[in-house]
């Protein structure tokens, strides 16, 4: 576990204890019911409540909740990136075009239930969704171009965001109710609809089925990501590291300025020579210092909170200014995408700047 201990130089070794400080995204398709990816933070907390508490200690859980929060922020940024917005708009406009073509081609059909009204309502949902996405994308672009937004621009941006959120929420709720109505009409019409109005019937079936598929896909994806965050966080960090702009987190220089240690396990003979009676697992010694700066780690603290692996003899560790330590390979990739400690959210860039000013 990441822990902290007083820095010492040449004194008898003593055990240490842990230091633990006690926007809507566009849906990928039509405006179907509940067409939203469930919160990653909520998935991580759910998994923690249902069983991870028995498998992971609190520091490891805190790291995973921080990672889930970071993923949630990235999810919104990616959802409003230009390629995703263009794909989302084109996808919804394709639904509108198909519905308009079928409505025009089925003027002679006489369904026993108002399928035309349902398809028209579905088209309106898609158009409202496109409008919300376009307005929010434009607002984000204007905020990015302005950089430091003035107070008047910030108030105007918040007002637009409030309107878009309310409109998108209302559209989502309406789409859920509209899906139920459509399902009821199709069920009430029965097989007669396939003979009386085959084009309207099958298009309605396709739209209803797509909405169900999209919801199931979003829920399954959220569950998979939540499980991956809890059980395979290094894989998530490696993926984020591969796709992250290097300017988003700490630079290589900032990371190299952090203290690096080498871990050494302590056997019973070493503990006897050092006069240690407490249960300890090993000692981490800072590289390149004279006299050596050492930290004693108990068996509970000699574990990386990110990968959940115990420290092995000779492994390199990185200690942050907040005194939390992790495997170098784990924390370096994390700092490249987020310049804060995954345990206490201490910002290492601000720390380096304050040190340079002093």
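Each Cβ is built from the backbone N, Cα and C atoms, and glycine gets one as well.
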Have a look at 1-37, 38-74 and point to the one annotated region 'Disordered' in TrEMBL. 1-37
Transmembrane segment range according to TrEMBL, out of 117-137, 138-158: 117-137
Averaging pLDDT over all residues of the domain 'RING-type' (304-345) gives 88
